[in-house]
Amino acid sequence: MEMLGLYPTWLEPMVGSGWVVAIISTIHVLASHTSVGAAMVFAYLAVVAYRQDKPELLDYIKKYGMFLLVFSYVIGSITGPGIWFSTTVASPRGISALIHSFVWKWATEWVFFVIEVVGVYLVVYLVGKVDQKTHMRIAVIFGLASYTTMLIIIGILSFMMWPGKEVWFTEGGYLNGFYGANTFAQLAMRTAFMFTMTAVVGGIVASGIKELAFKKAMLRRLAVLGIVSTLAGSLLFQWYLHTLPEQAHIVLENRLPDYFQPALMMVLSGILAYFLFTLVMPRLIVPAIAGVMTVAILVFGLWPEEVARESIRKPFVAGQYVYSNQVIARDVPGLGIKSEIPLLEEKGFLQSHVFLPENLRTVTPDNARAVGHALAMTACSNCHSLTDTGIRPLAKYFGGNTDVGDIKDYLLGALATGNTLYMPKIPLTDSEAEALAVYIGALKDDTVAENYAATRKPLAQAGEK
Amino acid sequence: MNAEMLYALRDVAGVPSHPVTFLILGVLTFALHILAVQVMLGASGLVIWGALSKAAYQRQLAQAMLGVAKIAVSVAVVLGVAPLLFVQVIYDPFWYTSNVLSAWWVIGFIVILTVAYLLMYFFYAKNHHLGTQKTICPGSMILSLALMLVVGFIMHVLTYQMLSPDQWMQWYAPNGEIDASGRKLHDYNLWRFGFFISLSVLVISGWLFAYRHYISHRTDVDNGYLQWLKGLATVLSLAGGIVALAFGIGWMATLPDSQAGFGFSPWVGLAAVLISLTAVMPKLIGSRVNAPLFGYGLFGLAAITVIVVAIAREVLRWNILFGDFGYNALDYPVNMDWYSTLLFFGTFVIIGGLVLSYFLTVAWQAGQTEGVYTPSPAVTRLGNLSILLITLWIIHFFVLGLWVWLR
């Protein structure tokens, strides 16, 4: 019997597994971008400290470095693998697709990550213990290695959205998947915003410097860095948008709320205003203000950005061939990958899913709700919460209609045929659609399942006779 | 769960090199990772022991080990990324299933590890002068170690559950009712977990000998402290070896019936011999421990022991998954990609080897130098070469990328 390699499902009832991934990812982006940016700023400061004989800059490196060790290299280095862990449990075939195409690239990044982690300890702890030129050399290696980790991960993230070149689908090849217009646009944009985050987070440390003149000088440097990087990032964001495929633009226009664009502009304006204030009045910046600004960037800047990025790749989760619900949606001849849609059309989920208890493989009036629940977990729960809270609750998409026939018609007419924008094609069989409809109806009205069983049981028994 | 189902769970993209490459790298990097974990656990234990004591040497050691533990967590995390990567490549059906079945704990792993590490930093921030001043908030370090053991246990369970595909459906849908909460840890073996934890005593004893030798050249270290360290490390190695062997025997005795004979296999025999040798070696070599070969060699011996243990662990996994369930990790379909394969090994060997040699040489020498350390021209050349090679790597990234993009 040909099986569909779907894993068990993890159902998180409060926020949904997708948001768990998003929360961890957002925190990681803040910590990791800050660490990469800080590494490059450290390299710059170490060079200036050496060439212009300004040892006070090394004191700043040491102080910021200790902070960075906790902020980025505790939280950042744990949430990094944390993204793997969370995507593993939320979307195992999605992360698997990335791992199996880019394992060597990730392994290469790991080499630079090791260099980076050893480097940050040396940069912090060897201030004053090695000559300045050696310290500068270590800081430069640290900065370069740190940026290299970003170069690598951006290519993988770009593939996750869209394989770099269309030819990847037919010919395969790591290079075709990794490099494309989106790779470079995203790299440029993230590099700019990385410095923005560095400037904001660096302000927490700089604002705590006791010597007023040095504090002002450092905060002004960071403010200039922040203004330039925010302006550059805003322009590069336009380039990034330009590299998105048409499908993503359709999703952007139709699925994101109307306030998204104006809100984004307001966030960028707020960040610029903060840096201008810092530039003019550095004396007034205290760690608490810089800390609040960091949290503001996390909540109002990174969170919407991550959510939007997650949205525009729909209905896929990886490489435009793995659906969000983990089904392989298209052929990729370059890697010998076959779409699983034909198998589903022929056998349905119930007869092909590896992880389904035997009592749920056939729909009966008594088990229709339980089968529907299993199908909802498999086919829907990656993007739709099955409770009232969390991401896109499933029950809210049917306008309060609990009629099993109506819901089934929709499922067979719009979803099973793949005619809904933004949604995957879900080729349910007739009995599967009915079971799912019973479950969806029962989400709003508990009696739906009982009534269904009561009316269908006699029919089923008559059929058996 | 039969072999056909397990094979169905494999990733459809195949793997970009022969699977044996990932198997070997997985074992080696796991060994390095668990070695760092054991150093961290051993060092943390010594920190708590010293922090709760009034004895001067214990406190002096606690201060040194606090720095070791703090960095060892970082090293363990960064080294842990590699085996985590490789296990997903060839054991994806097992790893992903095990994780999803205990998903809540997988997320908990991240949170608990973060809290544990932050607690350790908190203790460090409050106790910069542990050697000479009263301990502040020792509970934070105790809690940190306790939470580290919890995350270790979670990882043990995730790895252990991989080995029971025959029970997965029962765990996921007990009595035919799906439980997708991921809130349960379904299976564990305390003997196996205890074995890996107890090895930390043996490993930290080797570390103490190396530490002792490293500081023995400094003029600010008193001889009494060095002698005390030697005695402590000798006792720890013996005790650690005996406890590890006891747990190891318990582990082998509780293997599934199909693997009952594994305890008498050559790899287990070699591991047992090495554990015993590492345990008694300090007694055997006596005063020769002052020579560099033995001073550092004892930690090297402990590291080799851990590598052999890691190999034995992998052989056992292979035996269970192939022998009991018919899953052959080495017949994973290959979509060979020479560029990324060579890029990794080139980066790993040339850049990784060179830069880390430079970093560790500078750190080593700086630690042994009183005052400011200035590297020799040869070491400096190593640093300059490191910068050059990483720069070339970055240039290659852009040149190749632009060519692919624009062609």
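For all residues, glycine too, the Cβ spot is worked out from N, Cα and C.
TrEMBL labels come from automatic prediction, so no person has curated them.
Here is what TrEMBL records for this protein:
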- B:20-52: transmembrane segment (TRANSMEM)
- B:64-91: transmembrane segment (TRANSMEM)
- B:103-124: transmembrane segment (TRANSMEM)
- B:136-158: transmembrane segment (TRANSMEM)
- B:190-211: transmembrane segment (TRANSMEM)
- B:232-252: transmembrane segment (TRANSMEM)
- B:264-281: transmembrane segment (TRANSMEM)
- B:293-312: transmembrane segment (TRANSMEM)
- B:338-364: transmembrane segment (TRANSMEM)
- B:385-406: transmembrane segment (TRANSMEM)
Positions on the same chain near the transmembrane segment (B:293-312), where near means CB under 8 A and six or more residues out: 27-28, 30-31, 34-35, 38, 199, 202-203, 205-207, 209-210, 212-214, 216, 237, 265, 267-268, 270-271, 274-275, 277-278, 281-282, 285
Positions on the same chain near the transmembrane segment (B:232-252), where near means CB under 8 A and six or more residues out: 61, 189, 191-192, 194-195, 198-206, 208-209, 212, 262-263, 268, 271-272, 275-276, 278-283, 298
Surrounding residues of the transmembrane segment (B:264-281) on its own chain - C-beta under 8 Å, 6+ positions past either end: 199, 202, 206, 237-238, 240-242, 244-245, 248, 252, 298, 301-302, 304-305, 308-309, 311-312, 315
Close approaches to the transmembrane segment (B:103-124) from elsewhere in its chain (Cβ under 8 angstroms; 6 or more beyond its ends): 44, 47, 66, 69-70, 73, 77, 137-138, 140-141, 143-145, 147-148, 150-151, 154-155, 157-158, 181-183, 185
